[in-house]
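Engineer: Quick paste of what TrEMBL says about this protein:
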COMPBIAS  698-715  compositional bias 'Pro residues'
COMPBIAS  720-771  compositional bias 'Low complexity'
DOMAIN    47-479  domain 'Major facilitator superfamily (MFS) profile'
REGION    21-42  region 'Disordered'
REGION    690-771  region 'Disordered'
TRANSMEM  59-81  transmembrane segment
TRANSMEM  93-113  transmembrane segment
TRANSMEM  187-207  transmembrane segment
TRANSMEM  219-243  transmembrane segment
TRANSMEM  289-308  transmembrane segment
TRANSMEM  320-340  transmembrane segment
TRANSMEM  352-370  transmembrane segment
TRANSMEM  376-399  transmembrane segment
TRANSMEM  420-444  transmembrane segment
TRANSMEM  456-472  transmembrane segment
């Protein structure tokens, strides 16, 4: 059974969706050598794709319960402190005391949580932490002591520091692909700081209003107790769901399992494991830049928090200006988090992170110098947007580019930095403000108060900009490429001029992908398009066959490494230059089919193979993937020791799962019937998309020479199928003038070519079975 059952839901719909995306300029790369040509799927579709993963969807619900419990506990405990105490001092200290005792564990125990997340079963860590939080909150309600309230709240914060690293480091293992980490982080942030905040505050308001609505005098204390108990029950529900409904949290990638199995003695105690995490963060340029950037950003953020209120009064706006600035920064945060994925498609994450911190620092300098409230509001919104981009990008880097075995400790380092640096900067900023004497100056006829808040903000802005530059230089993975052109392309929201188009033909049967790739290339050339027809190097590349002939390779892992090496050379030497020149590249069995074949053999992990493919190709993803769906041919053979029919079905099933996970990038075509019939279906599905996505072609000045003429037949040698045909006058050398459903006619310039029966000029090439 193939993927015919989902063809109607994926094939036709995907084509329409891609056409809609193409009209808005999506599915284009960030320019030559960008290292990332991921599809520009709509936000709604990316969200649906991630939420279609059952384990993540359930964890997202658990995040809702726990985040709502966090916000509700802060409000409920603050209210309970007021009921348990008397006097103005206690009433004033209630909210700040609850917040402080919840934040303090982040400074002390975040490292322990990171070590536990890396050393033990993450699901068990989360369940234990939730059960402890439930018991502690219920004990607060039963004991009724203000001293125990603060002590138990501190312990609840300690449990949160165990729960957060386990959850954050486990999320990437629930996803199908690494490029879904960014969307998953977006959903998590929206749930934690959006939906759960409204739900928690709304639930507390509802519970608190019961005495007044029912005219129950003296029931406020009991209602406060009930609110605390509800919070405990939310954590209990989370523990039950994690323990019974999300067993996938216990899973780890094969590499992580092997590392943990081989190094039990080297792991040592908690202190040693955390030191390993710090050493990794300091020795690796990517994580070193990430830590430096986060430290500077959090320091600037703490300075902003500490100086916000005095700054609002310096604008002569008072509490109204303060509230407007507060709203502006959070609106900016939301906008930044929403636009970060779109920017990341045209700018690599490692570049985007440092650039966003620099932008936040420069915007903060404008805030410090702003003479009017409206200037400050715009600049503060830009600060928030840049901070949102940097925060989401940093989380995405941790989730997608940090190894699973060390990820928990890196999350713990990030949490510790956030709590320590924020707290220190928030406390230091007011002290610095008091050292500056208040002055009043006149700017363009308007009074402007210069107090200590403006120098503090100016210093914070300069600090963030400098740290952002340092982080950028540490993390930049494209030092030879200028950043300015990438930034302009990202800001414009459209690709740079010389972009080609990469179409992948995927399917379980090599003969099908081979025939359809040839026919599609011929049809495209007939429309006067520059075309590169590239075939699977695992099937017919001389380099691969020479390696396999001279070196005896037996294991699937070694075959996968050799195939990745040859594919990396093809991408670097042929495909990328063709795309940079504006060529339309058609390649059969680009990434998905080899990954599915190796995975179907049962010995290699699909996530590892996808990571290897991303590394080999520099994350070069097809703009459009045509998936040929058909039942197993008769007869069909598989690798040694495997049933052919079952193997074909397994490969087709894996391909169908890839298509279902990202239908914006796939067009599923029924491959039953003759080659001409299938080619007609492929052409019908791609025509509207190609009409909108016609790649831009370079326009060189024509030389003052006669047009290039086709060579006589006796001078024309065999034409390689993967030759870059940038001159449309030479398209007669490979199936020129044929349509998608027409038989190919060999031309005079292609003597010896085989039409559509196989790759042009490579009909006698040996195939590597089982790859």
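Every residue gets a Cβ built from N, Cα and C, even glycine.
Describe each of these features in terms of where it is and what it packs against.
Structural biologist: Listed by sequence, the residues of this chain that lie at least six past the ends of the transmembrane segment (187-207) yet keep a Cβ under 8 A from its Cβ atoms are 47, 50-51, 60, 63-64, 67-72, 75-76, 79, 171, 223, 226-227, 230, 337, 391-392, 395.
Sequence-distant contacts of the transmembrane segment (352-370) (same chain, at least 6 residues past either end, Cβ-Cβ under 8 Å): 289-290, 293, 296-297, 300, 304, 311, 315, 336, 340, 343-344, 376, 379-380, 382-383, 386-387, 389-390, 393-394, 397, 454-455, 457-458, 460-476, 483, 487.
Remote same-chain residues near the transmembrane segment (420-444) are listed as 103, 107, 295, 298-303, 305-307, 310, 371, 450-453, 455-456, 460 (criterion: CB distance under 8 Å, separation of at least six residues from the stretch ends).
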